[in-house]
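Engineer: The structure follows.
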Amino acid sequence: MTSMASLFSFTSPAVKRLLGWKQGDEEEKWAEKAVDALVKKLKKKKGAMEELEKALSSPGQPSKCVTIPRSLDGRLQVSHRKGLPHVIYCRVWRWPDLQSHHELKPLDICEFPFGSKQKEVCINPYHYKRVESPVLPPVLVPRHNEFNPQHSLLVQFRNLSHNEPHMPQNATFPDSFHQPNSTPFPLSPNSPYPPSPASSTYPNSPASSGPGSPFQLPADTPPPAYMPPDDQMGQDNSQPMDTSNNMIPQIMPSISSRDVQPVAYEEPKHWCSIVYYELNNRVGEAFHASSTSVLVDGFTDPANNKSRFCLGLLSNVNRNSTIENTRRHIGKGVHLYYVGGEVYAECLSDSSIFVQSRNCNFHHGFHPTTVCKIPSSCSLKIFNNQEFAQLLAQSVNHGFEAVYELTKMCTIRMSFVKGWGAEYHRQDVTSTPCWIEIHLHGPLQWLDKVLTQMGSPLNPISSVS
């Protein structure tokens, strides 16, 4: 029996040849099985093996798509592990540290990119590029308080706060979402994206903006340049900021480089910290994330992995039976990715997670306090640095209070298993058994530097309106 098994355990010459281009030295057996599974598929297609070898041996040269059939859920299983095929083979042959499909974008020459939802999917690793973090332009803070107090957004923000419902509204992903750039995974074919309910609109968001709104942003265009060219600085006839559709009103007066102090964004050592709560009690120490890929799960991890925050390790003498039962259902929890200046949350738990992110709500045109339900196996973009940068650059021209208000965008709340809001009997996140609060250090530190540069508020921050 052993001799029979050994006859079939050898590595074929084609697999050995392809493994010669493998990157990294980890998970040899897994990579071998992944390549072996691919070879079996490609041998059925004339010229596919040759095209793949050509792409791997000559990275700088043009190559054709190398495709395999798309599975029902879009994923491929290799040795008890499921993953997206283009991610698997980009990891084998280009980037061994690749974590997620959010880190990849197809090149224009690719005819069968993963995101196109065709019957075939291209796995040519040189038909994809890795997403790079965008360079955020510095915010130009006036050296003197030259903005008109009448232009302050404080009144608008106070009115918005007063109009916030006692209970947050709710939205379910993807049913309540209409932005196609945040697709659920896996996505069923021809999935409809109904418009979000008008009653849950975030005032002046990309999805709902009034004329002349300082927060009027195009939803899917890159941020405008904030630094005027040197030859235009100080001229009286300075032009509005260049945008793709001229939707953003001119909010920067004519200024010279001597009148403003640029405040640049700096990437911190830890991109976020995560604090765990049970009801209204904080449990354990804060977790500081240095890895761009973080798992928050309900298990224990004796190895003390720096990319895992294991809630199963944390004890609480005040824990009741509801909390105990909820903790048992957290399971694999949530996977947080920080990629290309964007934060994604992927629900790995069998139960849904519930997210309150003002940045995400702003993008989708929801009310600021809306709680979004993310079902199992779905992922959602919950923060976008570039949109935040636009808001910050514009808020500077409307006073200290408008900038200070953006601190609320830098904190994201997320509950496991149990939701809260208008559609649930729990009205507040502190009524849910198990939840976390995520603090985004980069945006918070940027805000702090801008506020320091701006000096004192025109109207002192107060709990009394």
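Glycine is treated like the rest: Cβ placed from N, Cα and C.
If you look up Swiss-Prot, you'll see Cys65, Cys110, Cys122, His127 marked as Zn(2+) binding site. Under the heading compositional bias 'Polar residues', Swiss-Prot lists 169-182, 234-243. The annotation compositional bias 'Pro residues' is assigned in Swiss-Prot to 186-197. According to Swiss-Prot, the compositional bias 'Low complexity' annotation covers 198-214. Annotation source Swiss-Prot lists domain 'MH1' at 13-137. Feature annotation from Swiss-Prot assigns domain 'MH2' to 271-465. The feature N-acetylthreonine is assigned by Swiss-Prot to Thr2. Per Swiss-Prot, phosphoserine is recorded for Ser463, Ser465. Sequence annotations record features per position, and here Swiss-Prot assigns region 'Disordered' to 163-243.
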Engineer: With Cβ-Cβ distance below 8 Å and at least 6 positions apart along the chain, what are the contacts of Cys110 (Zn(2+) binding site)? List them in sequence order.
Structural biologist: Cys65, Cys122, Asn124, His127, Tyr128
Engineer: According to DSSP, collapsed to three classes, what secondary structure does Cys122 (Zn(2+) binding site) have?
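Structural biologist: In the DSSP reduction, Cys122 (Zn(2+) binding site) maps to strand.
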Engineer: Give me the DSSP three-state residue breakdown of the domain 'MH1' (13-137), ordered helix, strand, coil.
Structural biologist: 50 helix, 18 strand, 57 coil
Engineer: Within the domain 'MH2' (271-465) only, compute the mean pLDDT.
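Structural biologist: It averages 92.
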Engineer: With an 8 Å cut-off on Cβ distance to the Cys65, Cys110, Cys122, His127 Cβ center, who else from the chain surrounds the Zn(2+) site?
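Structural biologist: For the Zn(2+) site, the extra neighbours are Lys64, Val66, Thr67, Pro106, Leu107, Ile109, Glu111, Phe112, Pro113, Ile123, Asn124, Tyr128.
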Engineer: Out of Cys65, Cys122, which of these binding-site residues shows the lowest number of other CB atoms within 10 Å of its CB?
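Structural biologist: Among the binding-site residues Cys65, Cys122, the sparsest Cβ neighbourhood within 10 Å belongs to Cys65.
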Engineer: Inside 10 Å of the Cβ of His127 (Zn(2+) binding site), count up the other Cβ atoms and send me the figure.
Structural biologist: 24
